[in-house]
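So the structure is just underneath, and the comments pick up after that.
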């Protein structure tokens, strides 16, 4: 069975991508699985300079999910190129660099630095954990257009724009990204959330609020992928609470060309293998010859 998919001319051997964040730069997981099993690996968020992230506690478990407010902890782009990228390139998989800027100029500079070194760049306009920048950019279609166009003007590799779900109409963001030249969009990022310790009456996250991921957000994500599929022609990478192959299949039917898995990696490092096997068995059982035949095939 052929599980190959194509995004902006880049062929992935299968549609399962490691989502930015929970997979880090793959080192920890490489001790548990062959990370070449992924069609692509999306790095944790990269900034121009090193960031120590938000104060602890910055992660808590809730019903059917996790709230995090890590705050883009990362070594900075120079250290990523020198220390992490050679390791990632030693595996048989595509590399997607997730970039985060606090101004249009920073997004452009990161793109210039990385565009010839990776297979694709994912522009994170939707991180809900950092007060200065990301959320403002991600919620405003005009800013989404402006930054996407600025990044595309200096990019030699395909550009994926990652969208926030914390808006009234995510399709406006999707259309803005497409009109600005985005090669693909990815959605959804985490949903703004909060949890409280009733004994101390204090938030469980030091920064008070964070981003909810995991099974709790899957129905929201599927709905938003479906809505965007009806509005744009560029590929959609779907994510949000995918725990097994059945979840992945829902995203394909709703309109996703590929999927990203994040929170499940914490629980089951071998999820990528199980999801791939499940997808293949489903396609065979239903008589599909490829993933492409399944994409957007919902019966209304």
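The count begins at 1 with the first shown residue.
The backbone N, Cα and C atoms fix where each Cβ goes, and this holds for glycine too.
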Binding-site annotation, Swiss-Prot, FMN: partner of 20, 44, 45, 98, 162, 188, 214, 240, 241, 262, 263 in 68, 124: 124
Candidates 44, 69, 71, 190 (binding-site residues) - the one closest to residue 240 (FMN binding site) by CA: 190
The one of 45, 71, 240, 262 whose CB sees the fewest other CB atoms within 10 Å, among these binding-site residues: 71
By Cα-Cα distance, the member of binding-site residues 69, 71, 190 nearest residue 45 (FMN binding site): 71
Neighbour tally for residue 44 (substrate binding site), based on other Cβ positions within 10 Å of its Cβ: 23
Cα-Cα distance linking residue 44 (substrate binding site) and residue 124 (FMN binding site), given in Å to the nearest integer: 10
Distance from residue 262 (FMN binding site) back to residue 71 (substrate binding site), taken between C-alpha atoms, in Å: 17
